[in-house]
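One structure below.
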Amino acid sequence: MAVKLHSSSHDTLSTITCLDCDRSFSVPKHPVRLIMASSHTVLMRLVASAYSIAQKAGSIVRCVIAEGDLGIVQKTSATDLQTKADRLVQMSICSSLARKFPKLTIIGEEDLPPGEVDQELIEDGQWEEILKQPCPSQYRAIKEEDLVVWVDPLDGTKEYTEGLLDNVTVLIGIAYEGKAIAGIINQPYYNYQAGPDAVLGRTIWGVLGLGAFGFQLKEVPAGKHIITTTRSHNNKLVTDCIAAMNPDKVLRVGGAGNKVIQLIEGKASAYVFASPGCKKWDTCAPEVILHAVGEHRAGVYEALRGEHQAGVYEALRVEHQAGVYEALCGEHRAGVYEALYVEHQAVWKLTDIHGNALQYDKEVKHMNSAGVLATLRNYEYYASRVPESVKNALTP
């Protein structure tokens, strides 16, 4: 059969005419590209969608403040509040996700009555940059029904009502087989103190096995013990636990998401909350970000120690990091390796006060009844100093 290919300005299709029968057919111009576009895994599509949904959520949070009516409702106590932003954001996140991924299990903080959701709250977009990232091999076969999404529409509600806007985050955590594997944190008021022309808000995201993105990693100077803890739920257990760790400084702020951001941006070395009160929707997304950062740091150590060593040397040389390069190549190399080894061994973790990993399957109780202990490094230093009296008072 003889054919003729017609050139076309169409982005994706070309026309082929059969010279024997004079019939025309449309075929993909770039078949590989089209296949790739339709081959994104469930997990990466979900993360890309959740990113866009979280950004919309941040906009809603800012709009409620701008309108001037927070619509505050007291739930169980004076420190357990719900605002109009909590309600609207949860409706936005849960409805947007459910429309695109109807087989997901979605668990949100707020107990809202069923009803129609305003179309303006629905976000149908997805962040294309995330779809360009490879899905870690262990998650490629995941199905929608395998995933549980934990939603905190407004982490740090009390601080939100008091104008401490940098404490506030929107949290979307994704779990598989009880383990937190992907997370999105939106900070609606990031940069809010940088002046009237500053661009407000940022979104941090991460997937285990891939990395964490949207922030600049910094660490507390070695030897410093700066603890971040609750601002509004302090008690004797919390105070006793922190005192036993001999901190150089204690930061009292709102929001679990905010506290983990302090860890990865070098403002705190440990997040300590020796009390019930924190829930799974508070910790799922932040745990992923912390663990993804820790994995990356461990990967740098392995690269320097293993077969990619030469490539790391070359990268450092090209980037003109002369002092580091010389240290790695010269007589101080052993010291650099040793420092990295210590960092690698001093495991990053987010656990309860007993050191148990948190579980996120759909049947698990929502309360983290044994508190939270999280670090980016030197976990054992803090875990070993938790008093037995505190452990005995907190039942997993």
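Numbers here mean position along the shown chain, with the first residue as 1.
Just so it is clear, glycine is given a Cβ too, placed from its N, Cα and C backbone atoms.
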Matching residue for the Mg(2+) site, where TrEMBL names Glu109, Asp152, Leu154, Asp155 - out of Asp248, Asp282, Asp352: Asp282
For the Mg(2+) site built from Glu109, Asp152, Leu154, Asp155, Asp282, further residues of that chain with CB within 8 A of the site's CB center: Val151, Pro153, Gly156, Thr157, Thr169, Val170, Leu171, Gly255, Ala256, Gly257, Lys279, Trp281
For Asp282 (Mg(2+) binding site), the number of other Cβ atoms found within 10 Å of its own Cβ: 27
Coarse DSSP state, helix versus strand versus coil, of Asp282 (Mg(2+) binding site): helix
